[in-house]
Every structure is written in C-alpha cells, then in structure tokens.
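A.B. asks: So that we are looking at the same thing, I have put the structure below in structure tokens.
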Amino acid sequence: MTDHRTRFLQLALDADALRFGEFTLKSGRLSPYFFNAGRFDSGAKTAQLAQCYADAIEAAGLDFDLLFGPAYKGIPLATALACAYAGRGRDLPLAFNRKEAKDHGEGGTLIGAPLAGRQVLIVDDVITAGTAIREALAIIRAAGGTPSGIAVALDRQEIASDQDRRSAAQAVAAEAGIPVIAVANLGDLLAFAAGNADLVGFQEPLLAYRGRYGTDTTG
C-alpha cells in the first residue's frame, strides 16, 4: 500500500472519521465500517487530508487546471486542496456551486474562478449514488468547462445492486468518460485493518461484506 493511503486511513481513524462496528447505511445495508468526512473538523486535520488527496492525484497523473468542489462537503475539500497545491508551488483556480441560486449580488449558482476553457478536477468526499457528481458535471459543462477527473477520499467499491454489478464510481466514470480516483478504497482498508492489531477483529466482517457487496475490482 502506498504511503498516502496508509496516512489517510490512519488520519481518518484518529479523527473518528473512520469507524468500525455495525452501521446501517442509507441503502439499508449493514456495514462493518462507516466513513464520515465531516469529522475532519479542524484546520490541522483538513490540511493533512488535503496532502493525502494531492499525493493520490499526483500518483494518478491527472491532467487539470481548475479545482471544483460540489456543495456541500466538496467545498472545504477543494479549498483545502487548492491551499495544499499552493504550498507545493502550484496556484490553482478554484470554484464551487451553491445548492440554491441567488437572485441578488453576483447571482447564479457558481462561485469562484470562471470555468470556461478549463480542465476541471471535481473534488468530493465519496460517491454514494453519484447524484451530486452528476449535477457537478452538468454545471461544469454548462459553464464551458471540461471535466477531466474526479477525486474522492474513499471508494467503498460496492455494487449498486444485484442487477448492476458496478459501483457508483465505476458507473459515473463510464458515463462521463473520465477517471475517478480515490485516496483509498475498500481493498486498502482491508490491508490496513490486517496490519493494525486493534482492527484485526474486523477482518472477518470486512471480508464478508466485500464478498456480498464488493465489485470485481476489490481484490
């Protein structure tokens, strides 16, 4: 496992953003783990998270020249990532959307740098159903930008349903024709748990969950 994956998972565990136990997801599935990016709730935690994103993005070799954060969780993530890149000597423009359009002031649903003519990297926490990402793709294209990739913190690598054996991330990538990369995925989480004495007891539930709901790429 590459260093940014290990650092991210340990950071998430320390921040209580990554928890193990029994959790009922929105899908109704009973999961042995739960990830909540909202627990990266301080400047130091968010800055460290952004460095993990930057390392994962650079390792993937994505080509982009603007960062876009979908409302709501994508906004602080993209902002922190822009700061991380600035610290590495690359000053990237940044934009995000509102959930509700304003009819006063600058108006509209977009805030930040113009998207026209830009290669846009979308930054979010996870892709669950893919609704927010699909909305972001439409917004970017309508504003004259070109989506070039999507970066998320954690890919659960779960099938959408027994009828559709793809994950939400795989479905979005296929529809949009762009790469979706994650700082870490379920396979990384399994390796991380196996190497952590405090988490060894969760190996069996994690493996069982992957066997039931995992895509063909989780091995």
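The backbone N, Cα and C atoms fix where each Cβ goes, and this holds for glycine too.
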A.B. asks: From the candidates ARG5, ARG7, ARG141, ARG156, give the one listed by Swiss-Prot for the same orotate site as PHE34, PHE35, THR128.
C.D. replies: ARG156
A.B. asks: Hey, what's the Cβ neighbour count for ILE127 (5-phospho-alpha-D-ribose 1-diphosphate binding site) at 10 Å?
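C.D. replies: Excluding its own Cβ, ILE127 (5-phospho-alpha-D-ribose 1-diphosphate binding site) sees 25 Cβ atoms within 10 Å.
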A.B. asks: With an 8 Å cut-off on Cβ distance to the PHE34, PHE35, THR128, ARG156 Cβ center, who else from the chain surrounds the orotate site?
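C.D. replies: What remains near the Cβ centre is LEU25, SER31, TYR33, ASN36, VAL126, LEU154.
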A.B. asks: Fill in the CA-CA distance, ALA129 (5-phospho-alpha-D-ribose 1-diphosphate binding site) to ARG156 (orotate binding site), as an integer in Å.
C.D. replies: 12
A.B. asks: Look up ARG156 (orotate binding site) in the DSSP assignment and reduce it to helix, strand or coil.
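C.D. replies: SS state of ARG156 (orotate binding site) = coil.
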A.B. asks: To the nearest whole angstrom, what is the C-alpha distance linking LYS73 (5-phospho-alpha-D-ribose 1-diphosphate binding site) and PHE34 (orotate binding site)?
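C.D. replies: Cα of LYS73 (5-phospho-alpha-D-ribose 1-diphosphate binding site) to Cα of PHE34 (orotate binding site) measures 16 Å after rounding.
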A.B. asks: If you count the other Cβ atoms within 10 Å of each Cβ, which of the binding-site residues LYS26, LYS99 comes out on top?
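C.D. replies: When each Cβ's neighbours within 10 Å are tallied, LYS99 leads.
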